[in-house]
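A.B. asks: Here's a structure for you.
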Amino acid sequence: MPRVVIIGAGVIGLSSAIRAQERGHQVTIVAEYLPGDTHGAEYTSPRAGAHHVSETGHEDLWKQGIERETFKVFWEMSEPGSDAEECFFRIPQLQYHGLELVGESPLEFMPDYKVIPKDELPPGIVSGESFTTVTLDPKRYTAYLLGRFRAGGGTVHRAAVKHIREVIDGSLGITIPDALVVCPGVGARSLGGLEDKSVYSIRGQTVLIRAPWITTGMTNKAIKDGQMIWTYIIPRRNGEIILGGSTDENDWDPQPRPDITASILRRNLVFCPDLVPHHLRQNEAEPTVQELESLVIETGCGFRPARKEGIRIETDWFEREDGTRVPMVYNYGHGGGGYQGSWGSATIATNLLADALAAKRLE
Ligand SMILES: Cc1cc2nc3c(=O)[nH]c(=O)nc-3n(C[C@H](O)[C@H](O)[C@H](O)COP(=O)(O)OP(=O)(O)OC[C@H]3O[C@@H](n4cnc5c(N)ncnc54)[C@H](O)[C@@H]3O)c2cc1C
């Protein structure tokens, strides 16, 4: 049974670890941060929205395939009675744009997909789509994945890896692996042996509120002064809602900033006044930001692990001093789409892993 080490316990590492187990490998996860950790904006997965709303253009069939496969798995996992059901919420989604829709939409494959007729669009919106999707509770979902991995016989070793060599030569105190899958998120920038400086952060800030009366997801991609301003509402199954968003490139500030929180609340209230229902308003007609603030549970932020060349899923080989080689499959650079790409990319990564292990056997 090949021994495989996965570096990383975000949604990408955990999904890859489960796919590797399904192929009969003996799998160990090595990670600095694990589900349940509440600190560290560089551990992105617990900080996500998260919904499955593909933004991938029809020119990128590879990434579309990854997202479609993931949606299929999410849909099955969110079936009533599934052991992961509690992590998901199936919702109607309204997707509004500041530009006209051109060509095929990447969302056409979603259940109940429709282009919203112009006369049904809110003021100021140029075009819109509606469909059914799923949202996830990231903390609950990553804990579920870790539990599933452990139940499948996987082992977990908490360690901050300075260099990939430490995993391969056994100096971390774990069994020497036959192969690695490397899923370090933004950690790809500094992990020795990789140091991919084309990885950068797109910092995202969110506000979690309690508003069980909102059960439709909404995104507004408005254009102002030539720039897209992304405002979104992601309802979760437990009545909590994520409000976003912000997209600040190469911003490594790990703390939520009050000015961005205020902007998120202000924009969302204009977008969806029903966030503050009539019975909570002082003045029937006009909900206020202060009234919305009274529903806030917490603010958060995380570093979306973007990469200039896009997602990297490929095989590399670590050369030992004695001339032997260990295959490493990279799976990182998922930016703002790591959840919606998780299962599709894990399948590709573990197919590459199987090919590399077969090639190694022939050496
Ligand atoms: C505000 C916000 C909203 C988002 N909304 C969505 C959404 O709606 N839908 C969606 O699909 N995506 C969304 N995302 C993006 C998504 O969260 C990320 O793409 C995804 O979490 C990346 O997962 P990952 O496993 O690659 O990285 P991470 O979750 O960061 O995990 C990296 C893992 O690698 C480990 N690691 C790194 N370096 C080392 C090292 N040297 N030694 C040991 N361990 C190491 C870390 O400890 C961690 O365990 C959102 C992100 C943000 C911030």
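For all residues, glycine too, the Cβ spot is worked out from N, Cα and C.
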A.B. asks: Can you match one of GLY333, GLY336, GLY337 to the D-dopa site that TrEMBL gives for TYR232, ARG304?
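C.D. replies: Candidate in the recorded D-dopa site: GLY336.
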A.B. asks: Do any of THR44, SER45, VAL161 (binding-site residues) have a CA within 10 A of ARG304 (D-dopa binding site), and if so which?
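C.D. replies: Matched binding-site residues: THR44, SER45, sequence order.
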A.B. asks: Counting every protein chain present, what is the number of Cβ atoms, excluding its own, within 10 Å of the Cβ of SER45 (FAD binding site)?
C.D. replies: 27
A.B. asks: List the binding-site residues THR44, VAL161, TYR232, GLY336 whose Cβ sits under 6 Å from any atom of ligand 1, in sequence order.
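C.D. replies: Those binding-site residues that pass the cut-off, since their Cβ is under 6 Å from ligand 1, are THR44, VAL161, GLY336.
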A.B. asks: Taking only same-chain residues 6+ apart in sequence, whose CB is under 8 Å from that of VAL161 (FAD binding site), what do you get?
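C.D. replies: Expected: ILE7, VAL30, GLU32, VAL167, LEU172, LEU191, GLY192.
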